[in-house]
Amino acid sequence: MTQKPRLYSGMQPSADSLHAGNYIGALLQWKDLQSTHDAFFSVVDMHAITVSQDPAELREKTRRTAAQYIAAGIDPSNSTLYVQSHVPAHAELAWVLNTITGFGEAGRMTQFKDKSQKQGADATSVGLFAYPVLMAADILLYQTEVVPVGDDQKQHVELTRDLATRFNARFGADTFVLPEPVIQRETARIYDLQNPTSKMSKSGETPAGILWLLDEPSVTAKKIMRAVTDTDGEVRFDREHKPGVSNLLTIFSVLSGRTISEIEQEFAGRGYGDFKKALAEVVVGAFEPIRSRALELLDDPAELDRLLGVNADRASEVAETTLATVYDRIGFLRRAR
Ligand code: TYM
């Protein structure tokens with residue numbers, strides 16, 4: 001039997017709900033790829049604490065994120081769906097990789113530059129600086145071949161490749177597999193509904209611009225009806241001149257399985273009101289089953305925790321094997337048992 005290619009991806013449990021960007025930019029790809037790949041999906045709580053988190057809320061958001069993975073179609077008996085902090089090897093490999101990462105190299109990560117600029121130097125933690133190195137550890141521990149992500153993570157996957165290449169050159173060519181990012185061009189970036197030139201983001205400044213997977217249907221519909229468009233009234237895709245309408249068209253197309261030109265034709269000469277109403281139906285139709293299934297799963301946290309525990313055992317087995325090789329190659333003395 002040929003082995004399926006290994007896939008790895010994760011999301012931060014940094015909000016009560018995932019948003020349309022997470023769902024369309026990543027989760028939909030995960031769902032499609034899980035049957036053809038040996039897939040590992042983590043809830044990256046260790047990444048989430050690189051900015052301040054309330055402990056009780058973090059625990060709850062971690063469960064909520066896992067529940068949404070399952071509700072959106074990730075099968076935890078086939079894919080390995082687990083919580084990052086349950087597998088200590090992530091922190092251990094990250095430490096080793098920190099020692100081969102250049103200070104300047106880490107400082108060039110655009111996400112770090114953005115986030116640290118917003119927070120100011122004193123509020124910015126060393127953890128936030130080292131964040132992409134922990135992400136490299138996530139990916140490399142599992143000998144990952146493909147990493148499906150939105151385009152904001154591309155630079156981090158490139159750093160991961162650089163670190164793997166560097167480690168392999170110094171300590172043994174077959175230590176790490178070099179991972180490839182998988183980025184779906186059309187959906188790599190979903191934009192904020194109120195500010196359609198900025199990406200939809202968990203830390204977005206415009207609550208009305210973010211479509212949460214767990215929003216009540218009436219809230220989702222209201223946000224879509226109020227989405228920023230433009231004054232020419234034409235439902236036409238033009239990213240540069242009509243960013244609001246183009247973003248709505250992308251969301252419509254992905255969630256309905258119809259092409260953008262089909263949708264443009266259907267709404268030609270009909271104005272934005274009709275278009276938005278139809279889009280609201282499409283989005284609610286896609287999100288509502290996920291929302292109700294996620295809430296059902298969250299009603300039984302003990303069962304959810306049990307599932308995550310079983311999956312963490314599976315993840316640990318793979319991760320520990322890689323870590324043992326790494327420790328050996330860098331010259332750590334083996335502990336006598
Ligand atoms: P995070 O939690 O910010 O986002 C999770 C996934 O959603 C994608 N995404 C988007 N895609 C399209 N449009 C958007 N507006 C949008 N916003 C977010 C992200 O690209 C991502 O795929 N560092 C990662 C988590 C991580 C990880 C990993 C990913 C940690 N270790 C290992 C892959 C492999 C992050 O913060 O994603």
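Cβ coordinates come from backbone N, Cα and C, glycine included.
In TrEMBL, annotation is done automatically, which means it is predicted and not curated.
Straight from TrEMBL, the features:
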{"type": "BINDING", "residues": "Gln12, Pro13, Ser14, Gly21, Asn22, Gly150, Asp151, Asp152, Ile190, Lys199, Met200, Ser201, Lys202, Ser203", "note": "ATP binding site"}
{"type": "BINDING", "residues": "Asp138", "note": "L-tryptophan binding site"}
{"type": "MOTIF", "residues": "199-203", "note": "motif ''KMSKS' region'"}
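Positions of the features from TrEMBL, shown on the structure.
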{"residue": "Gln12", "record": "ATP binding site", "DSSP class": "coil"}
{"residue": "Asn22", "record": "ATP binding site", "DSSP class": "helix"}
{"residue": "Asp138", "record": "L-tryptophan binding site", "DSSP class": "helix"}
{"residue": "Asp151", "record": "ATP binding site", "DSSP class": "helix"}
{"residue": "Ile190", "record": "ATP binding site", "DSSP class": "coil"}
{"residue": "Met200", "record": "ATP binding site", "DSSP class": "coil"}
For Asp151 (ATP binding site), write down the residues of its own chain that are at least 6 apart in sequence and whose Cβ falls under 8 Å from its Cβ; none is a fine answer. Gly25, Ile183, Ala188, Arg189
Restricting the binding-site residues Ser14, Asp151, Ile190 to those with Cβ under 6 angstroms from ligand 1 leaves Ile190
Rounded to a whole number, what is the top Cα to Cα distance in Å among the residues the record ties to ATP, namely Gln12, Pro13, Ser14, Gly21, Asn22, Gly150, Asp151, Asp152, Ile190, Lys199, Met200, Ser201, Lys202, Ser203? 19
I need the least crowded one of these binding-site residues (Ile190, Met200), counting other C-beta atoms within 10 angstroms of each C-beta. Ile190
Which has the fewest other Cβ atoms within 10 Å: Gln12, Ser14, Asn22, the binding-site residues listed? Ser14
Pop the Cα-Cα gap between Asp138 (L-tryptophan binding site) and Gln12 (ATP binding site) into the table, whole Å please. 13
Cα of the residue listed as 'L-tryptophan binding site' to Cα of Ser14 (ATP binding site): how many Å, rounded? 18
Going by C-beta under 8 A and a gap of 6 or more residues, the same-chain neighbours of Lys202 (ATP binding site) are Gln12, Ser14, Ala15, His19, Asn22, Ile210
The residue listed as 'L-tryptophan binding site': tally of other CB atoms within 10 A of its CB: 27
